[in-house]
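Data first, discussion second: the structure below is written as structure tokens.
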Amino acid sequence: MFTESKFVKKLKPYVGVILLQFGSAGFAIVAKAALNEGASHYTFAVYRNAIAALLLAPFALFLERKIRTRLTTTIFLKIMLLGLLDPVFGQNLFYAGMNYTTATVTSAMRNLIPALTFLLAWILRLEIVNFKKLPSHAKIWGTAHTLKTYPAGLSLTALICTFGSLQGTVLTFIVERGDTAIWALGWNTKLLAYVYGGIVFSGITYYVSGVIMKEKGLVFVTVFNPLSMVIVVVLSSFILAEQMDVGK
């Protein structure tokens, strides 16, 4: 029983990141379909993170009431920065790029993340390369780094999504001033994408990624990104009718 439990414990991070890639691939398909219907990438990011925050907040308040630490100024600023980097800048750039390309191309570009993550982690001395013992253990940065001083993972994710949504709202009003139509909601693919993105991609993915990074390291999570591209290539050819030219 002890051996089985130990094996399952070691297997969990791998199963977790693989499931994350399936969730990521599904979101790429739904997001592209929503953008094809005319969804604004600014409001997309706002709604996605607002839904994630509303979903996670009750669980965070109830499940983490005993482990939630005081929100210091330093932690608050880190959360604000994390909310600005991904929910605002990262997601808007992601959707803007997807508007002009395909779901497959966008997913393929994510394959640059492991190399860039490793390089940045090494430059910032967050990753120690030990050639005698590979893979070496990565130190934690970003969300996982903040979890060191603020261990309440669900609360952290909810706060990042909340501040990201608020900052994104300000950005949207500045860039899309006067255009209220972009905020309209209806029973369509756009609403499905907002909800899917909020629940699966922002809510579950942020939390699970942070937990896995805390245990296995930053590079471990990103190195599985190519799997998402393969899934997107297959799904997009059927769902979005994207042509798959073998050899090109």
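Heads up, the Cβ atoms here are built off N, Cα and C, so glycines get one too.
In TrEMBL this protein carries:
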- 14-35: transmembrane segment (TRANSMEM)
- 15-133: domain 'EamA' (DOMAIN)
- 41-63: transmembrane segment (TRANSMEM)
- 75-96: transmembrane segment (TRANSMEM)
- 108-128: transmembrane segment (TRANSMEM)
- 149-174: transmembrane segment (TRANSMEM)
- 194-212: transmembrane segment (TRANSMEM)
- 219-241: transmembrane segment (TRANSMEM)
Relative to the transmembrane segment (194-212), which of 14-35, 41-63, 149-174, 219-241 accounts for the most Cβ pairs at distances under 8 Å?
41-63
Taken over the domain 'EamA' (15-133), the model's mean pLDDT:
80
With a Cβ cut-off under 8 Å, give me the same-chain residues at least six positions beyond the ends of the transmembrane segment (14-35) that come close to it.
41, 44, 95, 98-99, 102-103, 106-107, 189-190, 192-194, 196-197, 200-201, 204-205, 208-209, 211-212, 220-221, 224-225, 227-229, 231-232, 235-236, 239-240
